[in-house]
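Student: Attaching a single structure in structure tokens format; questions to follow.
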Amino acid sequence: MVAPVEPKPGGTLRNAFGGVLGFFILLLIGVLAFSIRLFSVIKYESVIHEFDPYFNYRVTQFLSKNGIYEFWNWFDDRTWYPLGRVIGGTVYPGLTLTAGTMWWILNSLNIPLSVETVCVFTAPVFSAFAAWATYFLTKEVKGIGSGLTAATLLALVPSYISRSVAGSYDNEAVAIFALIFTFFLYIKTLNTGSLFYATLNALSYFYMVCSWGGYTFIINLIPMHALLCIVTGRYSSRLYIAYAPLVVLGTLLAALVPVVGFNAVMTSEHFASFLVFIIIHVVAFVYFIKGILSPKMFKVAITLVLTVGIAVCIAVIAILVALVASSPTKGWSGRSLSLLDPTYASKYIPIIASVSEHQPPTWPSYFMDINILAFLVPAGIIACFLPLSDASSFVVLYLVTSVYFSGVMVRLMLVLAPAACILSGIALSEAFDVLTRSVKLQLVKLLEGPLSNAGDTKDENPTAQNDVLKADKQVAANNKTEDVKERPSKKNRKKDKENTEKAPVKSHNEKRLLVLPLEASAIAIILLVVLGSLYVIHCVWAAAEAYSAPSIVLTSRSHDGLHVFDDFREAYAWLRHNTEVDDKVASWWDYGYQTTAMANRTVIVDNNTWNNTHIATVGTAMSSPEKAAWEIFNSLDVKYVLVVFGGLVGYPSDDINKFLWMVRIGGGVFPHIKEPDYLRDGQYRIDAQATPTMLNCLMYKLSYYRFVETDGKGFDRVRRTEIGKKHFKLSHFEEVFTTHHWMVRIYKLKPPKNRMKGKTKKPKPTSKPLSGARRDGSTKKNPWQ
Amino acid sequence: MAPRSAVFCLSLYLLVLVLVLSASGTVGVSTSSDDDLVAELESLQSKSPSGVIHLDDRLISRFLTSVKIPRPYHLIIFFDASSLRSKSELHLPQLRSEFAIVSESFAAHHRGLPSASKLFFCDIEFGESQSSFSNFGVNSLPHVRLVSPTTRSLSDSDSMDASAFSRLADAMAEFVESKTKIPVGPILHPQPVSPRQQAVLLLALLIAAPFIIKKVLAGETLLHDSRVWMAGAVFVYFFSVSGSMHNIIRNMPMMMTDRDGRPVFFYQGSGMQLGAEGFIVGFLYTLVGLVLAIVTHGLVRLKSVTVQRGMMLAAMVVVYWAVGKVISLDNWKTGYSVHAYWPSSWK
């Protein structure tokens, strides 16, 4: 719906001016989206955040160094030692390929940016793209004004910022753009019926499949919309062009991505699209027959076609049902099932239910993540129904499904955010449209009375009149375009009815301008602006304070100024520079990606938690007494053990706080590790009341070794207590490095002892404070002490 | 030849008879009471519709503590307490009915087989058998225990892992199979709709089908009314932003009562919410949007300027109040207040 071209030269000038202005607004929106995400770089530094992005960064480094073919066949032996991991076949390559391409282009232009810099700024750049995609999508639905508003809202929305600040180099960074852009191309195809856009749509879908597992949302939402259009009698050839090529090309392309492969045709998540594909063909056939036959012949034919069509449909549905029913989980993955039946995960899959981002959100989450958009969305929904077009029905469907899914998993708030922005943009834009129109037109009337003979206002009046005319025309034109759009589906009987309903509205529009009282409108505009500024203030705060911490560099503000804790990188740099290239480093899986990426050393387990037994082995080693742990680590060729300890500076997410998970996961595979052994009366504690098993396990010892030397008392500032066992020595491990704030401690496994003749028989009480539970460990004297 | 063989046969017969008699004589002393017990259990079992035997302290001692080991049967016991049945978080009534389903499935699978008398399903109630609860050492519910033939002390019997209760009947059947090595057989879940109801529904559907198809073809169903879709969309939105999914998944009550017995509708702390609280805020969220939509799309069509003015003022007051309410509630609940972020040099 482009503004109508006016015959007057003044009108074209105004339109051209509007176009240029719109372009610059869009440019500014892009700058806004990019720059609001730079708080993390300004407040901290240009660094990759958290855990998973380090893996993506490492893959990108590999890609930029070795090229795409090497990347595709990359078997990574630096991780999951001794198993390794086939990286090329198990990652969604979209993000990596995107950043790699950007780096390659920049370097070809002789702009020597490092891979890390490109990775850090990928997410903000794609946020700007996502804002532009939102503009195009909303423009297709409700016009330029709504598009610009929606794009502005999306540039700022906190839910999306949380996943796309500079340095947050994760799949979602590019996937949200791909998602919106795919939807835009679908709507564009639906509005134009152009095969060109349909092909682009399939390609965009391919990019989405490359980028994120969330592509299943698209391949279920679009069939749902197509089905909805068919059921409500909105079938048209444009719908066919928008839908059929997407399914065929999209599925073929999706199967090209190694990590998806034959899942694209084998799993139930994709079956809905095939089912609708069949239905749309049946419907298209019916319409075709209807077009070439006389009404009477059609009556005869339709019974024939319907029986055949229904028979085919039933046969295919039966096959699908049989296929689905033959698999144990009915062909759905656990995560998808938990979306359909929200209580499923909490009942059957504790590992999914336990992850914090899979929790169902409460109402404050909505206020935090989409803020005032939560208020505006219902108005947007209603605006989309007045009048309902194919495009606006799609937007409403997108919102309804995503808001339901976000209610099940807080993580899916990210998918809701664009929908909420689009609908709020429509609502805000329509409200401003009505209110400013009321103010402008009535202000003119008001001024016209007393100042009619003053020459100064002469300039203003024509433009104002022009506006009246334009508004009138726009309303008429809107209705006209509406009609144009409806025309192909006018073959439907009920369309006529709708048009007759619309006719009086149209004449009513032409008769009288729709305005509200002047002063009330002015107040309402002010209120809306206040509401909007609340949103901006909240978003800036969220971007600056809530979502910008990289969690690899920590800061704390105290009375004597800002403290920076850079212990993680200190430790990884130490490993990189002081250990052999092939040394294996054991740590809890959280630090696996970081160790491989920053220290370039082989790890036993990492954040891609695909092998539970392996993780359990490490968990068992951490929960075992020193000697048993040494044996486990030695059998895995481990040279160094890395633990994260926050007791000195009060960093709460350290290994001691995660330790019960190590015990649980370890105990799940190796039953001799029992959780109650580590708990005193069901309480987890590390003070003097702690159980002997706890005080003798490797994690306790590695965390608190020499800790008493810091303050003389051994006071743990996270657990807020003095530790239970203060003075002890290590028999099988030696401390090789402890960072400045003791946050990371690295130990080396001592080499195996030489056998000492005659000493092995005599159990002798030693001065070593080893536990009584260890029967054989204390019998051998350690030559290294 | 013939008489000799007859004598031989007779003597063989006698020998067998004597052997059998003596065998039954020696074994019979111990089995006769066992058989009695089994028969008694079976008669008790037949009295209960689902085959779950209701035990009390007397029956516990009769069937378990005073019986010579090894006992000829396994007993699986469900510990119930009528005083705790009202506590929704324990799910006792649901678990008890699942237990009955397992019992029925077992009975159906083993009907007429000797294995049917190897395992009996029992339940015991806390109020009437407190001493048995202490003998078993049961101090928390829900609790299911299996007393195997060789169990000497009741407190040594195998108890079912508490975390497995969430999987209901399947977990109970697995537990039984793993401990007794007797297969329970397929779990016979009761059908939600009985066959007769199914037939009636099918018939009704068949009769209605032509009318429905006619309506669909004519485009006159509710599905073709966009207002229905609009109301549905707004409702789904309201339902989701009010955090109802959280309430369903977590089984949150609509409200709580504090120590003085006054109702509490709002829970302080961001990780949790009560049902009523969610609906109130969800309503406020939706209300603002609806008012805005009415002003933008409905009010402009009114002819009377006075009515327009009055309604707009009312709408603005309502919106202002609703937004302010949500902000203050959010501030109270999570401690977050909307505040600006300034560069440190501007302060």
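Note that Cβ sites are derived from N, Cα and C of the backbone, with glycine treated the same way.
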Student: Do you know which of A:86-106, A:695-715 TrEMBL annotates as transmembrane segment?
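Tutor: My reading of TrEMBL: the transmembrane segment range is A:86-106.
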Student: Any contact between the transmembrane segment (A:118-137) and the transmembrane segment (A:205-228), i.e. 3 or more CB pairs below 8 Å with pairs at least 6 residues apart?
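Tutor: By the criterion, they do not touch.
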Student: Check the domain 'Oligosaccharyl transferase STT3 N-terminal' (A:21-423) for me and report the mean pLDDT.
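Tutor: Value for the domain 'Oligosaccharyl transferase STT3 N-terminal' (A:21-423), mean pLDDT as a whole number: 87.
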Student: Using a threshold of three or more Cβ pairs below 8 Å, and leaving out pairs closer than 6 in sequence, do the transmembrane segment (A:370-388) and the transmembrane segment (A:173-199) count as in contact?
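Tutor: Result for the transmembrane segment (A:173-199) with the transmembrane segment (A:370-388) is no.
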Student: For the transmembrane segment (A:16-36), name the stretch out of A:143-161, A:271-289, A:395-428 with the most CB-CB pairs under 8 Å.
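Tutor: Most contacts with the transmembrane segment (A:16-36): A:143-161.
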Student: What residues elsewhere in the chain lie close to the transmembrane segment (A:370-388), defined as a C-beta under 8 angstroms and at least 6 residues from its ends?
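Tutor: Sequence-distant neighbours of the transmembrane segment (A:370-388): 141-142, 153, 157-159, 395-396, 399, 403, 413, 416-417, 420-428, 430-431, 482, 502, 531-532, 534-535, 538-539.
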Student: Let me spell it out: take the transmembrane segment (A:86-106), skip the flanking residues so only those 6+ beyond its ends count, and list any with a Cβ under 8 Å from a Cβ in it.
Tutor: 56, 59-60, 62-64, 68, 71-76, 112-113, 115, 118-119, 122, 125-126, 169-171, 173-175, 178, 207-213, 257-259, 608
Student: So, do the transmembrane segment (A:143-161) and the transmembrane segment (A:240-265) meet, by the test of 3 or more Cβ pairs under 8 Å (sequence gap 6 or more)?
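Tutor: No, since the transmembrane segment (A:143-161) and the transmembrane segment (A:240-265) share fewer than 3 Cβ pairs closer than 8 Å, they do not count as touching.
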Student: Could you give the residue numbers and ranges of same-chain residues that sit at least 6 residues beyond the transmembrane segment (A:395-428) on either side and whose C-beta is under 8 angstroms from one of its C-beta atoms?
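Tutor: Here the qualifying positions are 130, 134, 137-138, 141-142, 146-154, 157, 159-160, 162-163, 172, 176, 179-180, 183, 214, 217, 221, 224-225, 228, 338-339, 342, 357-361, 365-366, 369-370, 372-374, 376-381, 383-385, 528, 532.
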Student: Can you tell me which parts of the same chain pack against the transmembrane segment (A:205-228), counting only residues 6+ beyond its ends and a CB-CB cutoff under 8 A?
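Tutor: For the transmembrane segment (A:205-228), the sequence-distant neighbours (Cβ-Cβ under 8 Å, at least 6 residues beyond its ends) are 92-95, 97-98, 171-172, 174-175, 178-179, 182-183, 186, 234, 239, 242-243, 246-247, 250, 253-254, 256-257, 260, 264, 269-270, 272-273, 275-277, 279-280, 336, 393-394, 397-398, 401-402, 405, 415.
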Student: How many helix, strand and coil residues does the domain 'STT3/PglB/AglB core' (A:582-641) contain under DSSP?
Tutor: 33 helix, 10 strand, 17 coil
Student: May I ask you to check whether the transmembrane segment (A:271-289) and the transmembrane segment (A:522-544) make contact, with contact taken as at least three Cβ pairs under 8 Å and only pairs 6 or more apart in sequence counted?
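Tutor: These two stretches do not touch.
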Student: Within the same chain, where does the transmembrane segment (A:240-265) have neighbours whose Cβ lies under 8 angstroms from its own Cβ atoms, ignoring anything closer than 6 residues to its ends? I mean 6 or more beyond.
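Tutor: The answer is 72, 88-93, 186, 189-190, 193-195, 198-199, 201-203, 205-206, 209-210, 215, 219, 222-223, 226, 273-274, 276-277, 280-281, 284.
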